[in-house]
Amino acid sequence: MVAQVIHGSEIDLKLDSVIPPNITTDDANFFTHSAFRVLIGADPPTAFKFMKVSEAEFPALNGQGVSYAVLQFPSGSLNPSHRHPHSAELLFLLIGSLKVGFIDANDVLHTQTLQAGDLFIFPVGVVHYQYNYGRDLAFAISAFGSANVRTIPTPGLSKRLPSLARLMHQTLRR
C-alpha cells in the first residue's frame with residue numbers, strides 16, 4: 001500500500017510585501033489607502049454602486065492575495081449576475097437587508113436573505129447576485145481572495161439556464 005500525503009496552504013511569500021519598481025519608499029503611506037473616505041458622509045447613490053480596491057488601485061496589495069469592495073444598494077437595486085473565476089467573495093452586510101444567491105456546479109440555486117451583521121460566502125467561480133428588496137439602503141463590504149479579482153458579467157444567464165434564471169427572478173421578486 002502506498003500512502004500519499006497532500007499539503008495545502010496559502011502562498012508563502014519570502015517578503016513582507018512586494019514594492020513596485022516605481023516606488024522609492026515603503027513607509028506607512030505605501031500601506032495606507034484612503035479612497036473609501038469619500039463614502040463617509042456622502043449622499044446615498046440612486047442606483048447600485050460599487051467601489052473596489054485591488055492591486056491596480058492600491059499597489060501594496062501586490063503579492064498579498066486580497067482585495068476589497070464596498071457595495072451600496074438603494075432600495076430595489078440589483079448587482080446583476082456575475083462571477084469571479086479565480087476568487088471567492090466574502091460579503092459582510094453592514095446596513096440593510098439583501099437577497100443573495102449563487103448557482104453551484106450542479107446548477108442548483110442557493111439563496112439566502114441577509115440582515116445587517118450577516119456574512120455570506122460566494123465560492124470561487126460561481127455565478128451569483130445580490131438584490132436589495134428592502135425600503136432602505138443596504139451597505140456591504142466584500143473581501144476577495146485575490147489582489148486582482150476579475151468580475152465577469154453573465155448577462156446571457158437566462159438564455160443558458162432558463163429554469164434557474166426564472167427561479168432566480170421569482171426569488172428576487174419575493
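Cβ coordinates come from backbone N, Cα and C, glycine included.
Straight from TrEMBL, the features:
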DOMAIN    40-174  domain 'Cupin type-1'
BINDING   ASN79, HIS84, GLU89  oxalate binding site
BINDING   HIS82, HIS84, GLU89, HIS128  Mn(2+) binding site
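All features noted in TrEMBL, drawn onto the structure.
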residue : record               : contacts (Cβ under 8 Å, 6+ apart)
ASN79   : oxalate binding site : PHE48, PHE50, LEU71, PHE73, TYR129, GLN130, TYR131
HIS82   : Mn(2+) binding site  : VAL127, HIS128, TYR129, THR151, ILE152, PRO153, THR154
HIS84   : oxalate binding site : PHE122, VAL124, GLY125, PHE144, SER146, VAL149, ARG150, THR151, ILE152
GLU89   : oxalate binding site : ILE121, PHE122, HIS128, SER142, ALA143, PHE144, VAL149
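In the three-state DSSP classification, ASN79 (oxalate binding site) falls within a strand. Mean pLDDT for the domain 'Cupin type-1' (40-174) in this predicted model: 89.
The residues near the oxalate site, meaning same-chain residues not in ASN79, HIS84, GLU89 whose C-beta sits within 8 angstroms of the mean position of the site's C-beta atoms, are ALA69, HIS82, ARG83, LEU91, PHE122, HIS128, GLN130, SER142, PHE144, VAL149, THR151, in sequence order.
The Cβ of HIS128 (Mn(2+) binding site) has 23 neighbouring Cβ atoms from other residues within 10 Å, across all protein chains displayed.
Compute the center of the Cβ atoms of HIS82, HIS84, GLU89, HIS128, which mark the site for Mn(2+); besides them, the chain residues with Cβ within 8 Å of that center are ARG83, PHE102, PHE122, VAL126, VAL127, THR151.
In the three-state DSSP assignment, the secondary structure recorded for HIS84 (oxalate binding site) is coil.
Mapped onto DSSP helix, strand and coil, the domain 'Cupin type-1' (40-174) counts 19 helix, 57 strand, 59 coil.
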